[in-house]
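Remarks on the structure that follows.
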């Protein structure tokens, strides 16, 4: 009743319950129901709003059209400006060439090769190269002192532009050579005009072409300009100064450009030139621009103009072209029609919405009722999940009491029948609590209450433990069960070891259940080394494929772990060997791991579980991850199970930040793979992880050499992986004769030969050489000089009969037979027995002497058990007393504080987490505070630092999720032990407090 009342109070505060109460207590109206009178007003508002939007659309489109019109005008204007500039540049180059001609043949040669007749004839015949020039002429530079001599020599009088005798000046520039079209310029002083004089002086000072301002040309009365180039009487230095240029100047070549004709010809060559109007200006004086072409009066569309710069080669003068459209832009009918169409469409939409609003008002009451029913259903579903998740502790507690009492009962004196009954009840209880745990885990996931731990753990040790769970079943079926972890995977990762173990256990358990021959292979590597398995493979078989599979060549020669075909064809020896080669390409594996720890905060691992079982029918593959779903009804009848394991595994994988997929082929097998994100543990893995999950493998085998004889390369690589974990150097041979050849002949001590200390022979390889061949190889070994270094012979077998065992002994395997699946700790224990190295010691999670070791640790120790449940106290006290401990009990945290007042004689305390009044966390915090106070008083009295009081406190919990590793450490606990007490868990919990640390063996 108390539990139900507690659940009821919790549900009353649930958001869905509150929502349901609000809806049932007060009927809520939606916006449309509450404002139905506003529907007509909203319709008018909609019309106004759509009219405004249509106006905005028209404006946007009209602006876009104007922008495009402006861009077109700019493009056309720039095109004309470039063409005018290019044609002008060509004519300028011809005038420059004429200036060089005069300089070369008139001044560089003596006597001159040019006279008026020659110049006139040459310029007339080459006039086609200067179509833009009305004429060219050459004016000689004459200083005042040379004027009289010049006039006598040429028989002329230097005149001004007005045809009058030129007055006395410092310098003159009379024309001596002229084209026939401008013959009227002969003897006229080109420097008689003020502007002309400045242009000529600027030309000789710069050595470049100069232009005059626009003026009316004689004869044509068109606007034009005069281009002037200096002519030099001697060659100039590479970089002449202004004085050198003026001194070397002998005359000037000039040409007149008819700008109006030039632009008219240019525009006539362009299509559509009537569309725009062009004006050319001299803007040297920006305040008073001079027109060179075009109408001075504004015509056309003056609202849009474009200016293009012109460069005629004279940096002093600036010119530009201004363009505008000949006609104004027409109305934008496209924008107008689009805006009107948009307005009409939106008006229709508004009318439809108005009608829909009226209809919604009518059906809103029905919708409100349906919504209320939906909330009720959701509240009931959440209440169910919340109830199951909340009572998980209460359900587990009596079950743990039953299992604990059965465990204590089995330690008493029982006859065979009683022991059989008790063992059967214990097995059924464990199966029941496992099923309860799965159902509660699913409920926690649905309720969103499942939390993941983040503690350091040894992933390889976890996988070895999973294999040990199914070792008996795999041996009974004759299955190859193996695990392989890439060297790139860190030794220690941060994550939830329990949930990781649960996922792998579910997948391996399913594989063992549905596999009758072949193998089950677990592989772990970094996700970057392998593309994830997708469901695309079985789609290929589904589309046109059959569920009947034909095995290749009898199905027992494929390069897989067992030789049977696997569902995922990528898991063959070639890809597996490539993965191993990638690992060995780098340097030492530990160096790689340290490097990875320095640059990455987390690592993504991919775990593949491959089997050669019955596979999954294609019709069931789409729903395989649904809860409580199996392939068909016959699966449950033949194999048992609830169909919830894969569903929970999928949820756990997603909580770990990964994905789970599979490839399955009926009668071939299945390959499940999942990825998961783990943190990288950067602290000292030995000192920190020993507290939780760390497999302390022996180091006494480092430096030993071994040969693995196995004809299956994948299986040999797995054996090599486990031996490498023990520090053994390994070579692989596919036959015993190859193993002998590895060591050479007649000289085992020769340099460079591989002298093995141990030879591991797979049972298959031994059976192949059973008829005397193996003994012959041994004799050959002895005859080849190995008589004093005969290695230890160890046989590896999945299962072996008594007859086969006797034959193995007679064949030379007198040392031992290791039964698979292989685990590093188990192999290490066997090697210690075979080689006689070291004493028996703890290997991973295996206790050296079973209950005797726990008894040796706990015998005579005074231990306090704190738990509010009397059954739990009796179970814990009984288990600890069975191991020789002196146990006292307390039923609450307050009672524990009273019993632990200093001084006390307790060696350890087992503390329950969930207790009334004061839970285990709060009790632990207060105990640690009492210890700090006692330590301070002791140190102050003694004057020196003594050993501090620290009572080992271990959390007792039936649900580790509520007592995570971080929470235990935060409140001061030293670890936890799960209920009910089992020897393995109890040994791990107390060993580090009561056992002296073993001395390390140097490698």
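One is the number of the first residue shown, and numbering goes on along the chain from there.
Keep in mind that glycine also has a Cβ here, set from the backbone N, Cα and C atoms.
Here the structure is a predicted model, which means the values were calculated and not measured.
For residue 914 (Ca(2+) binding site), the count of additional Cβ atoms within 10 Å of its Cβ stands at 19 [all protein chains shown]. The Ca(2+) binding site annotation in Swiss-Prot covers 867, 868, 912, 914, 959.
Summarising the annotation, Swiss-Prot assigns domain 'Response regulatory 1' to 705-835 and lists sequence analysis as the type of evidence.
Here Swiss-Prot flags 862-994 as domain 'Response regulatory 2', drawing on sequence analysis. If you take every residue in the domain 'Response regulatory 2' (862-994) and average the pLDDT, you get 82.
Every protein chain considered, the tally of other Cβ atoms within 10 Å of the Cβ of residue 285 (N-linked glycosylation site) stands at 11. Here Swiss-Prot flags 285 (among others) as N-linked glycosylation site.
Residues or ranges marked as N-linked glycosylation site in Swiss-Prot: 332 (among others). All protein chains considered, the CB of residue 332 (N-linked glycosylation site) has 18 other CB atoms within 10 Å.
According to DSSP, residue 415 (N-linked glycosylation site) sits in a coil region rather than a helix or strand. The number of other CB atoms found within 10 A of the CB of residue 415 (N-linked glycosylation site), across every protein chain shown, is 8. Taken from Swiss-Prot, the feature N-linked glycosylation site covers 415 (among others).
Residues or ranges marked as N-linked glycosylation site in Swiss-Prot: 799 (among others). Residue 799 (N-linked glycosylation site) is surrounded by 14 other CB atoms, counting those within 10 A of its CB over all protein chains shown. The DSSP secondary structure for residue 799 (N-linked glycosylation site) is coil.
Marked as N-linked glycosylation site by Swiss-Prot on the basis of sequence analysis: 849 (among others).
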Euclidean distance between Cα atoms of residue 415 (N-linked glycosylation site) and residue 867 (Ca(2+) binding site), Å:
33
Would you mind reading off the Cα separation of residue 799 (N-linked glycosylation site) from residue 912 (Ca(2+) binding site), to the nearest angstrom?
44
Output, ordered by sequence, the same-chain residues six or more apart from residue 912 (Ca(2+) binding site) with a CB under 8 Å from its CB, or 'none'.
866, 867, 868, 869, 872, 920, 955, 956, 957
Which number gives the other C-beta atoms within 10 angstroms of the C-beta of residue 868 (Ca(2+) binding site), all protein chains shown included?
18
Nearest recorded site to residue 415 (N-linked glycosylation site) by CA-CA distance, among recorded positions 285, 332, 914:
914
For residue 285 (N-linked glycosylation site) and residue 332 (N-linked glycosylation site), determine the Cα separation and express it in whole Å.
40
Other than its own, how many Cβ atoms are within 10 Å of the Cβ belonging to residue 867 (Ca(2+) binding site)?
27
Between residue 332 (N-linked glycosylation site) and residue 914 (Ca(2+) binding site): CA-CA distance (Å):
80
